[in-house]
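Quick notes on the structure that follows.
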Amino acid sequence: MQFDYIIIGAGSAGNVLATRLTEDPNTTVLLLEAGGPDYRFDFRTQMPAALAFPLQGKRYNWAYETEPEPFMNNRRMECGRGKGLGGSSLINGMCYIRGNALDLDNWAQEPGLENWSYLDCLPYYRKAETRDVGENDYHGGDGPVSVTTSKPGVNPLFEAMIEAGVQAGYPRTDDLNGYQQEGFGPMDRTVTPHGRRASTARGYLDQAKSRPNLTIRTHAMTDHIIFDGKRAVGVEWLEGDSTIPTRATANKEVLLCAGAIASPQILQRSGVGSAELLAEFDIPLVHDLPGVGENLQDHLEMYLQYECKEPVSLYPALQWWNQPKIGAEWLFGGTGVGASNHFEAGGFIRSREEFAWPNIQYHFLPVAINYNGSNAVKEHGFQCHVGSMRSPSRGHVRIKSRDPHQHPAILFNYMSHEQDWQEFRDAIRITREIMHQPALDQYRGREISPGVECQTDEQLDEFVRNHAETAFHPCGTCKMGYDEMAVVDGEGRVHGLEGLRVVDASIMPQIITGNLNATTIMIGEKMADMIRGKDALPRSTAGYYVANGRPVRAKK
């Protein structure tokens, strides 16, 4: 089998590339996905409110676990990643958050990455998006990904939480992806107008999968990339339960889009990575690239949970006897409780003046429950997810075996810097202050978690050690740049090799301020033009907010 391009991984970036590259009818593409199809009849991945379900099994989730995390009481922590067409966009929380403009401007300060500035990237965010209220300087009106805005009157807790943030002295913003990210406001979601999850399988592949020049193989577990000298010339994979490898050749390029955990694994198995690590497993060295699998970053978050004194939370939706009605409303009308992910309000703040742009993110949820659906509080409640955004802690992903089915060693080194502890202490104390504003007086009952007895630095630190969880935002393991630990250049081409690019969240040099999915899709769109040799879209001229030393919050 021969193709122009072979794409490994049908996730948030891979599906963008598959769709854009096959717009040219003369270009042939093979898209390999280790998981299965995105079954449209499966409410677990299609109903926004069911977002906890795909994380519970292994049909749609790789369900990786970390090594014991040394600064988290040696907990082995969850590291869920999407499996199936759509990748992590098939199982994520559907928050459409792009990050802060200064994240990208910060990338662009690296020599060779100048064209990754916010204004260079904004046209690609717009190209990918159809926002339900129409386009403007910041948002697209005819892209493949449906974005739904929060509508007034959904739940009084959303507005009360935003108002509480404002009463605490923080800014209000109408659009967390618009002129000003900093502040509290409604949150956009990747949900279709019919109340379905807008994964990249739905948005992109639906328009491309019938093209004769696109071949999609599911249940295709990539074993390794085939090289001829320093040139990538094909891919070998295992189909289904078969132990006999299948191979295909790429006339132009192999495009690795397997995500921040799997992309470095595949490179390492293929002979690209730290020579020392590869020697351990007798893998013939193709190219010594010490940065492969290093620079691993993530967002850590914790929940502050409160009783709700009024019966306005989503608690009744957790009762089995209410679920048939909710399911029917969603199935037949695309409306009701099932049609939202219920992360409809949030915010970004600076916890201290020394941060030039926000370093803390909030998601509000009108029910008290763990992200994966466990430990639901048996009463009306609400919670606030809070976490730091640009931790200095760095980890790694390293293979433990040549067997593609064997999970790698994943270590994030969460909370390994004093800055991490300071940010979380600040975040908990600021959150309590926000929660005690007048806007929440009629709703706020007792603090369920961490609980009012948890006050000193030592008590807060111990709570974080035992209860902070991943926000499922791993990135950075094949970072873009030109220093000795960089893996790819500014166009995603792997240093020292030919015919091989990495296009996914692993190339982010530094994690962004917010959820990763929207930016991963943008990276796919921008790289698709680079791969095709097309001129970049014209730079945006939109304005954007920079704090420039303004106070963190207004004096009361």
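Just so it is clear, glycine is given a Cβ too, placed from its N, Cα and C backbone atoms.
The model shown is predicted, which means the values in this text are computed figures rather than measured ones.
What Swiss-Prot says about this one:
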ACT_SITE  His473  active site, proton acceptor
BINDING   4-33  FAD binding site
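Listed in sequence order, Gln2, Phe3, Asp4, Tyr5, Asn213, Leu214, Thr215 are the same-chain residues six or more apart from Thr28 (FAD binding site) with CB atoms under 8 A from its CB.
Cβ contacts within 10 Å of Asp24 (FAD binding site), excluding its own Cβ and spanning all protein chains shown: 12.
Once Cβ contacts within 10 Å are tallied over all protein chains shown, the recorded positions Ile8, Ser12, Arg20, Leu32, His473 are led by Ser12. Closest to His473 (active site, proton acceptor) in space, going by CA atoms and restricting to the binding-site residues Ile8, Ser12, Val16, Asp24, Leu32, is Ser12.
Of all the binding-site residues listed (Asp4, Val16), Val16 sits in the most crowded Cβ setting, with the most other Cβ atoms within 10 Å.
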